[in-house]
Amino acid sequence: MYPAHLLVLLAVCVSLLGAASIPPQPLNLVQFSYLIQCANHGSRATWHYTDYGCYCGKGGSGTPVDELDRCCKTHDDCYTEAGKKGCYPKLTLYSWKCTGKAPTCNSKTGCKRTVCDCDATAAKCFAKAPYNNKNYNIDTKKRCQ
């Protein structure tokens, strides 16, 4: 083997090792973002909901700061209940469509239906709830006790 080939092989191995340490993104969250866009008609980018209040985004504690944050807490609770039924909400993919500018679940039964219902209900709740910029990226240690 030529030295240049060894360098290429080494570079590939190093890049694969680096990629192995990157945690995978839950597949369902991509689908959930599409449901949100369907429900709010694209009026607000999905990332606006990833660090909002005490419950929108990773984790959650304390009292929700407003109606939108309550939507996120309800969604978290729905995922918890789905998990108790043996579902893996963040990994469960389901069938849905955007009808009448609202997400509709096509999956009929089981975990796919349960998780889709959680996501569709949350997406519709997000679309109806007012968005308060002051509740984006708040200090959760102070406000979410």
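Cβ coordinates are placed from backbone N, Cα and C, and glycine is handled just like the others.
Owing to the predicted nature of the structure, the values given are computational and were not obtained by experimental measurement.
The Ca(2+) site in Swiss-Prot is built from TYR55, GLY57, GLY59 plus one of ASP76, ASP77, namely ASP76. If you go by Swiss-Prot, CYS111 shares a disulfide bond with CYS87, out of CYS78, CYS87, CYS144. The record in Swiss-Prot pairs CYS72 in a disulfide bond with CYS56, which is drawn from CYS56, CYS78. For the recorded site, CYS56 (disulfide bond), the DSSP three-state label reads strand.
Here the candidates are the disulfide-bonded residues CYS38, CYS111, CYS118. The one whose C-alpha lies nearest to that of CYS72 (disulfide bond) is CYS118.
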